[in-house]
Amino acid sequence: MAETCKMKYTVFHSPLGKIELCGCERGLHGIRFLSGKTPSSDPKEAPASPELLGGPEDLPESLVQCTTWLEAYFQEPAATEGLPLPALHHPVFQQDSFTRQVLWKLLKVVKFGEMVSYQQLAALAGNPKAARAVGGAMRNNPVPILIPCHRVICSNGSIGNYSGGGQAVKEWLLAHEGIPTRQPACKDLGLTGTRLKPSGGSTSSKLSG
């Protein structure tokens with residue numbers, strides 16, 4: 001748990017401003033936007049370069065992997081599909097809860113170039129009536145971008161809120177992935193079957209615990 005972990009921190013410079021990463025030897029704990037930088041309307045900015053607080057030898061593997069993943073994401077998001085994800089060791093991943101189940105399902109199922117509604121994600125997590133609880137899980141996501149809560153939208157097609165950095169950041173991330181932010185209603189997007197991959201399959205990420 002967080003209180004017993006020896007935490008390490010690093011700051012990553014991105015087109016969205018500074019992003020703080022924190023983790024321990026057992027896994028990544030958090031990704032946090034530090035600055036309220038208004039993202040450019042054009043996501044094709046200069047590649048991000050990480051700024052490390054402390055030498056690379058001081059960083060646990062989880063932070064090294066997360067830095068590598070984010071650097072690839074901001075340069076070419078599709079390239080992240082072949083990269084390993086860090087182990088996750090935030091307390092939310094150490095207990096059996098609906099929030100953990102929702103976040104894990106989102107990470108495994110909703111891939112690059114895809115979106116899902118809150119209600120659809122609730123169904124994927126085993127409770128189709130829990131759309132509001134899914135919204136709470138998105139607000140409590142400790143590792144935004146890595147677990148792509150920006151790909152979860154409202155059933156009416158609006159993109160909804162984004163606690164990771166505000167609606168402008170959510171729009172930027174979707175545009176960066178080549179997803180139009182002005183969409184028809186979610187039920188018309190063909191998200192089940194055609195836009196979403198089957199819930200089976202494997203992922204290279206792992207929960208540490």
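Cβ atoms are placed via backbone N, Cα and C, with glycine included.
Annotated in Swiss-Prot:
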type	residues	note
BINDING	Cys5, Cys24, His29, His89	Zn(2+) binding site
MOD_RES	Ser14	phosphoserine
REGION	35-57	region 'Disordered'
BINDING	Thr99, Tyr118, Gln119, Asn127, Arg132, Ser155	DNA binding site
ACT_SITE	Cys149	active site, nucleophile
MOD_RES	Ser205	phosphoserine
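Feature map: Swiss-Prot annotations on the structure.
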residue : record              : contacts (Cβ under 8 Å, 6+ apart)
Cys5    : Zn(2+) binding site : Cys24, Glu25, Arg26, His29, His89
Thr99   : DNA binding site    : Val92, Ala133, Gly136, Ala137, Asn140
Tyr118  : DNA binding site    : Ala131, Arg132, Val134, Gly135, Met138, Val152, Ile153, Cys154, Ser155, Gly160
Gln119  : DNA binding site    : Pro128, Ala131, Val134, Ser155
Asn127  : DNA binding site    : Phe98, Ala133
Self-check item: Which of His29, His89, Arg132, all binding-site residues, has a Cβ with the fewest other Cβ atoms inside 10 Å
Solution: Arg132
Quiz item: Out of these recorded positions, Cys24, Cys149, which one has the fewest other C-beta atoms within 10 Å of its own C-beta?
Solution: Cys24
Quiz item: At the Cα level, what's the spacing in Å between Ser14 (phosphoserine) and Cys149 (active site, nucleophile), rounded?
Solution: 18
Quiz item: So among the recorded positions Ser14, Ser155, who's got the most Cβ atoms within 10 Å?
Solution: Ser14
